[in-house]
């Protein structure tokens, strides 16, 4: 039998109990977006721009402004978050720093006006009205069901974590100074009007957040007003600032962000150490020692640089045609921290694997494929000195929505299973998505076939048809 993946490394063979999910009421306004699939959702989100056009001409390249005059869409956007939502959430308990920030841009610098401890709506509204401060609410998808629904679909579409923030800014005020982010940004204008100015990046596709001074950013490449129902996209590194015009009502906009630490460089950092570890087992040259006293040198000698360059070329040659990379940290981090599947009602029926256990003659099919990753890695059993490779299945079905993207220091649990490497072909059969009979799985014995199906079924990863 495979073993459950536990964060402590204690991997016991015990079945899981399907979790129950408590949901709040859906917004009264019916969604005007298409949630049939991740692809159809993204297509409807950026409509009327075609998806092919977006990725060919705008993604990671330049901003896209979609201005709409659509009262139905504007009403739907308004339902995503409002001051009344903030008031309701304050009654339940929100805290400065973790849930909400109060800030204002003064002379090109961000001034934080947070108090300590729990945030009360009357105090927030006082700072909003009297100090002209912006209220920033972190990760509202933890509480607003429709945002959970939206961001879960986007995480499936991009295969990357998707966070969000709501910015509520009074008239004649600006919350943040000019800056750029390390994420791809989608702005949805929910209420009021916001004056945006975008500038050419000083660091294209930036890998970190930074504030830029006014004398460095030059003149805007884009200068426009965003109104309810409008959508704005810009790549990471795009310098931007926004203010609510004087004489108008307050502005509320939603920032949806993704692709943080999701570059080719991040992929190489994640993959290369495990790959070198694997190849060193086969290549004695990689296991030979470095020159004496090399670590004491102030500069790297030319012959050492040539040696390392040669090793890198060898690794590149070995990488060609290799199907399995000993890389799991990015996959594991994504699944561990992403949103669970969105469910209508309380979700208990969908999460229940059902009463029928999978037997040899049963046909099974994978479900929640976008919420599961399969990776090969060393056995984490502390008693396995040989460090044999095993197959890990990680999933997000039991992730806690209220913990999504809030950066708590506590180590959250990751859910999944562990199988012998001999099971990888059978798992790939299931992963193709087509229904398959249990007895047709590529395993040596009927017992192994049933045990594999039963383990996946116990985690609600497969359906018995």
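Quick reminder: no glycine exception, Cβ is built from N, Cα and C everywhere.
Taking all protein chains in view, 20 other C-beta atoms sit within 10 angstroms of the C-beta of residue 181 (Fe cation binding site). Residues annotated as Fe cation binding site in Swiss-Prot: 179, 181, 240.
Annotated domain 'JmjC' per Swiss-Prot: 139-271, in sequence order, evidence recorded as sequence analysis.
The annotation phosphoserine is assigned in Swiss-Prot to 309. According to its DSSP assignment, residue 309 (phosphoserine) is helical.
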Cα separation, residue 309 (phosphoserine) to residue 181 (Fe cation binding site) (Å, whole number):
34
Cα separation, residue 309 (phosphoserine) to residue 240 (Fe cation binding site) (Å, whole number):
40
In the same chain, outside 179, 181, 240, whose C-beta lies within 8 angstroms of the Cβ mean position for the Fe cation site?
176, 178, 180, 185, 209, 238, 239, 241
Radius 10 Å, atoms counted are CB only; among the binding-site residues 179, 240, which position scores highest?
240
Residue pair residue 179 (Fe cation binding site), residue 309 (phosphoserine) - Cα distance, angstrom, rounded:
38
When DSSP is mapped onto helix/strand/coil, what comes out for residue 240 (Fe cation binding site)?
strand
Around residue 309 (phosphoserine), how many other CB atoms lie within 10 A of its CB?
10
Within the domain 'JmjC' (139-271), how many residues are helix, strand or coil going by DSSP?
29 helix, 50 strand, 54 coil
